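A.B. asks: The structure's right below; bear with me while I get my questions together.
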Amino acid sequence: MFSRAVKPVVTVAIQNGAKNFSTSPEMLFKVMVAGAAGGIGQPLSLLLKQNPLVSNLALYDLAPVTPGVAVDLSHMDTPAKVEGFQGADKLDSAVKGADVVVIPAGVPRKPGMTRDDLFNTNASIVRDLAECVARNSPKAIVAIITNPVNSMVPIASEVLKKAGVYDPNRVLGVTTLDVVRACSFIGTINGVDPRSVSIPVIGGHSGVTIIPLLSQANPKPKISDQGKIEALTKRIQEAGTEVVKAKAGGGSATLSMAWAGARLTNAILRGLNGESNVVECAYVKSDLTEATYFANPLVFGKGGVAKNLGYGKLNAYEQALLKAAIPELKKNIAVGEKFVNK
Ligand SMILES: NC(=O)c1ccc[n+]([C@@H]2O[C@H](COP(=O)([O-])OP(=O)(O)OC[C@H]3O[C@@H](n4cnc5c(N)ncnc54)[C@H](O)[C@@H]3O)[C@@H](O)[C@H]2O)c1
Ligand SMILES: O=C(O)C[C@H](O)C(=O)O
């Protein structure tokens, strides 16, 4: 298959105003974005078009603007070849040969809604996309952005199980935005470049299931008392709602999500490409807790998740957060599984 062949990667360095092209033997991959014409899909595709590990970018959406988004991006002077696929009858072609399928398809929140309120609309979208992956590209790594993530990953997993092609290392819920936010907020508090901050955010992706492990942050947030630790934790847990409120009916986080989605996709691609030390948090099948899906740091490799790194030592406050998250996660997971197996 073309997407797994070794091809020369062209890297472009801007030096003294001139472009210098150099080649190195690296794998190149096909990435399919489902929901590519949306608020997340467009900027995510813009970022993926710049990724040197991407040879082919398949942009799928129901929206009539989809072919135009593809033509627009195809004019960027980066090597990835862009194709647009609009409408359900084009879905199979879009997915065929994909190494990675990123899914931001579905409706976003409006003020006053919870992520769970999106379930009824988004569940069938993710189910249908997972069925298409099973038919056309069963080895693809599926990264689900669509909310509620805690339930969507079990839906996709059950669909792939039914089709007999499930590999738990290849189905991920994208929780990277929680990590990105935690790094951004700690960077501001400490007065350092947020890119120099690292922190595991574990659990899931909604309210109390988002558990930032501030005790394991590097550097530690310069916060003097427990009250401030709890306020920062709450801010990270509720950061999605902060954006929903600020957008005042215009949707939820799109640009920071695109950034976070591109970061996780890059980690997946680097793993597929043979790097062995790429670590990101994501929400995956898990036996670490009573919740059968759980987010924490993972090592990525040639088959998707290569190693689950667990979540290390929690302090008493973090243990209490974990205790509160588990029943909610279990409920979200059961709802997703029931949707497919009803
Ligand atoms: N995981 C996270 O951290 C995170 C962060 C932000 C948003 N989200 C979620 O991402 C989803 C998308 O948000 P958005 O702001 O991009 O929404 P949006 O409405 O701007 O875009 C969604 C796109 O999906 C498309 N779509 C709908 N049904 C489809 C289908 N069956 N197949 C293909 N495309 C389809 C729409 O045409 C639209 O272009 C929402 O569910 C939102 O809650 C998750
Ligand atoms: O909050 C939302 O609805 C979108 C997303 O899950 C987020 O965390 O920004």
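These residue numbers are counts, starting from 1, taken along the chain as shown.
Heads up, the Cβ atoms here are built off N, Cα and C, so glycines get one too.
Predicted, not measured: the structure shown is a model, and the values here were computed from it.
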A.B. asks: Given that TrEMBL annotates Arg109, Asn147, Arg181 as binding substrate, state which candidate in Arg115, Arg170 belongs to that site as well.
C.D. replies: Arg115
A.B. asks: For the NAD(+) binding residues given in the record (Gly35, Ala36, Ala37, Gly38, Gly39, Ile40, Gly41, Asp61, Asn122, Ile145, Thr146, Asn147, Met257), what is the largest pairwise C-alpha separation in angstrom?
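C.D. replies: Among the residues the record ties to NAD(+), max Cα distance equals 18 Å.
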A.B. asks: Suppose we draw a 10 Å sphere around the Cβ of Thr146 (NAD(+) binding site). How many other Cβ atoms does it contain, all chains included?
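C.D. replies: Its Cβ has 29 other Cβ atoms within 10 Å.
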A.B. asks: With the Cβ atom as the reference point and anything under 6 Å counting, tell me which of the binding-site residues (Arg109, Arg115, Asn122, Thr146, Arg181) are near ligand 2.
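C.D. replies: The binding-site residues passing the 6 Å Cβ test are Arg109, Arg115.
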A.B. asks: Express the distance between the Cα positions of Arg109 (substrate binding site) and Thr146 (NAD(+) binding site) as a whole number of Å.
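C.D. replies: Computed Cα spacing between Arg109 (substrate binding site) and Thr146 (NAD(+) binding site) is 11 Å.
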A.B. asks: At the Cα level, what's the spacing in Å between Thr146 (NAD(+) binding site) and His205 (active site, proton acceptor), rounded?
C.D. replies: 11
A.B. asks: Please give me the CB contact count at 10 A for Arg181 (substrate binding site), counting all chains in the structure.
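C.D. replies: Summing over all protein chains shown, Arg181 (substrate binding site) has 25 other Cβ atoms within 10 Å.
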